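Over in TrEMBL, the protein carries these features:
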DOMAIN    16-298  domain 'ABC transmembrane type-1'
TRANSMEM  52-76  transmembrane segment
TRANSMEM  133-151  transmembrane segment
TRANSMEM  157-178  transmembrane segment
TRANSMEM  235-258  transmembrane segment
TRANSMEM  278-297  transmembrane segment
DOMAIN    333-569  domain 'ABC transporter'
Amino acid sequence: MKRYWKYIRPYLGAFILAPLLMLTEVFGEIMLPRMTSLIINNGVATKDVEYILGMGGKMVAIAVVMAAGGIGASYFSSKASICFSTDLRKDVFHKVQQFSFKNIDDFSTGSLVTRLTNDIQQIQNVVMMSLRLLFRAPGLLIGGLIMAYLMNRQLMVILLVVIPLLILAIVIILIAAFPRFEAMQKKIDRLNSGVQEALTNVRVIKSFVREDFEEKKFQATNRDLKEGSLDAMKIVVVSMPVMMLAMNVTTLAVVWYGGNLIIAGKMPVGDLTAFTTYIVQILMSLMLLSMVFLQASRAMASLRRVREVLDTEIDLTDDHASEKSAQVTSGKVEFRNVSFQYVKGMDEMVLKHIDFTAEPGETIGIIGSTGSGKTSLVQMIPRLYDADEGQVLVDGIDVRDYSIRNLREGVGMVLQKNVLFSGTIEENLRWGDENATMEEVILMAESAQADGFVTNFKDGYDTDLGQGGSNVSGGQKQRLCIARALLKKPKILILDDSTSAVDTATEARIRQCFQTTLKDTTKFIIAQRIGSVESADKIIVLDDGQIVGMGSHEELLESCEAYQEIYYSQRDVDKEAGA
Ligand SMILES: Nc1ncnc2c1ncn2[C@@H]1O[C@H](COP(=O)(O)OP(=O)(O)OP(=O)(O)O)[C@@H](O)[C@H]1O
């Protein structure tokens with residue numbers, strides 16, 4: 001409860017007023033049946049019109065107060081619950097933004113979306129319902145019991161039998177409901193993840209003509225969710241008629257027993273009407289309570305899932321960084337005997353004993369077969385993952401000692417999977433530096449060989465990009481991503497296979513521009529083609545997570561067998577293509 005106090009405190013007024021105002025309804029609902037019985041007993045029986053009008057007037061006044069209280073209670077309970085969930089959602093989103101790559105690997109995106117939307121909505125519903133019924137249901141129950149007791153003790157015996165039976169039924173329903181709701185939320189998760197994947201990759205699905213397969217897959221998860229929901233709803237569906245049955249049987253018993261009392265002259269007619277209303281109120285309040293508990297049991301499942309996100313330990317923080325104010329100034333990178341694995345505790349390391357130094361301004365080429373660990377290696381520099389053994393140093397400082405913000409500000413990275421965002425080209429480029437002048441934006445776009453095609457677009461830099469950059473070609477997208485990273489003016493630039501869709505002549509021009517624009521920046525270029533790294537100051541050859549060769553193109557051609565293999569195989573392919 002303590003952790004949720006921060007979501008209640010700013011709206012404490014609404015949280016208090018909502019149940020308090022609801023008390024006006026409770027007061028009215030308790031008073032009105034008694035007043036009706038008085039009208040019947042004292043007004044109707046004696047044909048006393050004045051008494052009827054006087055009592056009627058009071059009843060109208062109470063009804064007006066009830067309506068005003070009801071409106072106020074609804075307003076404040078809505079306000080409190082909406083504000084509560086908005087703040088909670090903000091915190092969950094903030095937490096997800098802090099997640100490390102490892103944390104993100106642990107949750108599916110679909111599951112995070114469900115937690116941020118559906119789960120928080122469930123919590124909001126239960127907060128609102130609780131505020132409306134917090135005093136109302138117990139108030140009606142206690143008030144009804146007192147009034148019924150005061151009016152006729154003999155009839156109360158019926159309630160003493162019904163209430164324990166009803167409570168037992170409610171408990172059984174709740175025990176059955178909780179695991180079903182939990183299972184239902186998991187199925188919603190699965191559906192969201194599937195929908196997300198299918199929609200993000202709709203182009204791939206279409207190009208492989210896999211629509212039918214995807215539809216079947218979707219139908220299976222959709223059916224699964226339907227069955228899960230029906231299974232959970234069965235409980236809700238059963239609970240309502242059970243309550244109604246209990247209510248009707250009890251009313252019938254009261255009318256029968258009370259009728260006998262009236263015939264025997266032991267009870268006035270008006271009292272029976274009021275008593276029946278109180279019985280309905282008492283049972284109704286139990287029903288409302290059971291509904292709250294039912295909703296709450298669903299919200300508990302959601303709350304647990306939201307808490308899972310909030311409680312996730314961020315495994316990569318700068319809390320213990322000793323040089324928080326340090327900035328990356330020259331871009332020297334040093335790997336000292338670095339080993340790393342994604343899944344901790346496995347025998348095999350993804351990177352093994354990596355040792356090298358990149359001097360400021362140098363260009364380092366990284367080459368190796370797929371899965372050899374190239375991406376993993378460069379991800380250690382901006383601390384997307386932490387080394388398990390050894391140290392990565394930037395400008396002589398361990399990357400773990402920088403504040404993450406300062407370290408990443410100094411490192412520009414173009415990932416293998418390039419993503420642009422909806423918005424104009426200029427807005428996307430300004431991600432690198434929102435305060436850059438237009439001249440700088442154009443200069444960097446020129447260096448990345450993007451200016452030419454951008455100015456050919458009708459709207460130039462104002463061209464709207466589809467989500468993920470869907471309306472530009474793969475090579476154009478890569479060049480825009482490079483321009484975006486260049487605008488950061490980083491001291492270290494990492495290009496992870498980011499010119500793979502660019503033709504060789506354009507790629508050579510980009511490299512050439514780097515010599516002037518990024519003269520002092522340390523550049524890491526991961527590539528599949530030797531031509532892309534041939535002119536680098538130093539080339540690192542990776543094989544199965546190990547450095548098997550390091551040096552200039554000429555040195556490696558002479559001494560490194562793995563490099564020679566790649567070189568000659570690519571040359572042969574080029575020759576064959578030429579022939
Ligand atoms: N997030 C991850 N979780 C678990 N294992 C991973 C993850 N990313 C990569 N791996 C594994 O780590 C190894 C090295 O992957 P890495 O992406 O560094 O290779 P790479 O040389 O960059 O490959 P490519 O040239 O195909 O991009 C691979 O065996 C891969 O399966």
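Just so you know, glycine gets a Cβ as well, placed from its N, Cα and C.
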### Query
Over the domain 'ABC transporter' (333-569), what does the predicted model average in pLDDT?
87
### Task
Go through 133-151, 157-178, 235-258 and flag the stretch with the largest number of C-beta pairs under 8 Å relative to the transmembrane segment (278-297).
133-151
### Task
Report, as numbers and ranges, every residue of the chain located at least six residues beyond the transmembrane segment (133-151) whose Cβ falls under 8 Å of a Cβ in that stretch; write 'none' if there are none.
19-20, 22-23, 25-26, 29-30, 33-34, 37, 159, 271, 274-275, 278-279, 281-282, 284-286, 288-289, 291-292
